[in-house]
Amino acid sequence: MDTSSKENIQLFCKSSMQTVGRSSFKTEYSSSKEKQRCCGKLKVFLGALSFVYFAKALAEGYLKSTITQIERRFDIPSSMVGVIDGSFEIGNLLVIMFVSYFGAKLHRPKIIGTGCLIMGVGTMLIAMPQFFMQQYRYEKYSPFSNSTLSLSPCLLESDSQLPLSVIEKSQSKRNDGCVQTVAIIGPIFGFLLGSLCAKLYVDIGFVNLDHVTITPKDPQWVGAWWLGYLIAGIVSLLAALPFWCLPKSLPRPRSREDSNSSSEKSKFIMDDHTEYQTPLGEKSKIMEMARDFLPSLKNLFGNPLYLLYLCASTVQFNSLFGMVTYKPKYIEQQYGQSSSKANFVIGLINIPAVAFGIFSGGIVMKKFRINVYGAAKLYLGSSVLGYLLFLSLFALGCENSDVAGLTVSYQGTKPVSYHERALFSDCNSRCKCSETKWEPVCGENGITYASACLAGCQTSTSSGKTLIFYNCTCVGIAASKSGNSSGMVGRCQKDNGCPKMFLYFLVISVITSYTLSLGGIPGYILLLRCIKPQFKSFALGIYTLAIRVLAGIPAPVYFGILIDTSCLKWGFKRCGRRGSCRLYDSNAFRHIYLGLTVMLGTVSIFLSIAVLFTLKKNCVSKHRSFRTKTEGTMVSTRIRKENCTTSDHLLQPNYWPGKETQL
């Protein structure tokens, strides 16, 4: 902020302390001018803070959308992707508790601006591996021309020749709820940005896209995952700029200094100049503030209501973080959708439902003037109903794709048990194929084969980027409607009922997201009102820290570890180590993903019930205490009145002790 602005604020602050001896016209003019300046700066602060929330949510939403892209690009399992996702929160651990405590006493805008700069640089650093690694390699039989060309996959590998490795580089109310609702818009754009980048080849700008022989529907496709991180980083850097122009605190307008009608949010944003200042107006020393840190922490954790709510929220966010992190992957594996489409439907359908639910919760709280106990009941009710609806998703899954040797036999007549899984059969025994390769081919019989070699294909023809295999012995032995023994590159589509199941899944998912988020604002109000005003900033910091440490970091990791147990076909790196999973057991994946989410949600519901009972107990206790105090006050008032009457009687001039006796 420039010097003139500082002088204006100082002049305004001095004028607000003037005595009543001035004329009413000057007082009204000064008060009106002060109010305009305060409101203007408050709007700027809220607007800048909303943009920061948007930038942060944009980066987090985009990270969730790139999970499968990163998994394929670096050939790593889901558990490792979970570690990467969880590490996004680790930076907060070092500073968030101290920032929340000291930030309320230091220059808040500059602290926020510094955090935005760090966040922007860190987000851009995530994209750096793309510029230091080799270009993405995928295994593919290459179509050499647009004319018909005969290839023999089976004979190529029978001569101990490896498939051609094609190295591609493609060109490649303006109240509580305003800031929270804006923060929800960030993930919408994050997932939509992820959907767009997933359609662009990973090495876009570095190679000729005409040489790329795979499409976004191919299981080996990797999108431009790194591009969105650069965009999100730039947005975060831009979000930091306004905070370097804001004052340390906003002076409270004179007309509202003693008003109790101002909202809890405005009281929280505006500094009360009587707090955190020494009697002489000197700045608080860091050591003096640090001395009060541990007692404040002890005071917070000594509040049973705050502690129970913290535990309930932590368990629930474990459920939600794990669910959201692997939702794109679940849609891809369960319903056979592309990564781009999965991110698109989440960004365009699910997250707006969450935003609408949060906004609706705020409207309900305000319109019906719900108290803290009512907020707790609304928070609990939304959780119970949301997880009950979530249970219906167990029935909306698709069966496993028919993959020869993994989910069905090569004859296509029966499912394959775990001990019978084998990619080799009599129909491909002479081809000497590699079982580590995953180059799926869809046969005319509707069965997917791990590679053209394992399908026993003898010849192939290509036209442009389309590659068709013929005389596939393994395809011929299975029942085929057309009687043909050919196949095309790529996995076969799921069964005919799967698209309908996917539609039902989207509908239930939207309703569930709305229901669960309906309790967001009531829960936030419950958090703010269960603690003393002087501990609000610190309590919110501890709350955020607990959510990130105990939910944001571990949930993606153990969700990923359990999801990996449902893998049917692992890929292998060139060094021979295990890479990412190529094919999941759909039924096992569904039961693990949904079951873990519901289990954690159930635990959080029981903890929320404990919060409700504790709150009710406190309310009854306070009511009894109030009644006791009121009755005591009434008795003392009556005694005082009697004493006053007696005193008045004694003070009468015609009265003397023993008068009634003598009369």
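Placed from the backbone N, Cα and C atoms, the Cβ positions cover glycine too.
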Per TrEMBL, the range holding transmembrane segment, considering 45-64, 305-324 = 305-324
What stretch, picked from 178-202, 305-324, 501-528, 540-563, has the most CB pairs under 8 A with the transmembrane segment (344-364)?
-> 501-528
Would you mind splitting the domain 'Kazal-like' (421-476) into helix, strand and coil residue counts from DSSP?
-> 10 helix, 15 strand, 31 coil
Residues from the same chain, set at least six apart from the ends of the transmembrane segment (178-202), whose C-beta lies under 8 A from its own = 46, 49-51, 53-66, 69, 73, 130, 136, 168, 170-172, 209, 212, 216, 221-228, 231-232, 328, 338-341, 343-344, 346-348, 351-352, 354-355, 358-359, 362, 520-521, 524
Are the transmembrane segment (501-528) and the transmembrane segment (111-132) close, by which I mean at least 3 Cβ pairs under 8 Å that are 6+ residues apart in sequence?
-> no
Ranking 111-132, 305-324, 376-396, 592-615 by Cβ pairs under 8 Å to the transmembrane segment (222-246), which is first?
-> 111-132
Same-chain Cβ contacts of the transmembrane segment (111-132) under 8 Å, 6 or more residues past its ends?
-> 49, 52, 55-56, 59, 63, 91, 99, 103, 202, 225-227, 229-230, 232-237, 239-244
Residue numbers, six or more beyond the limits of the transmembrane segment (592-615), whose CB comes under 8 Å of its CB atoms | 304-305, 308-309, 311-313, 315-316, 318-319, 322-323, 326, 330, 372-373, 376-377, 379-380, 383-384, 386-387, 390-391, 393-394, 526, 530, 559, 562-563, 565-566
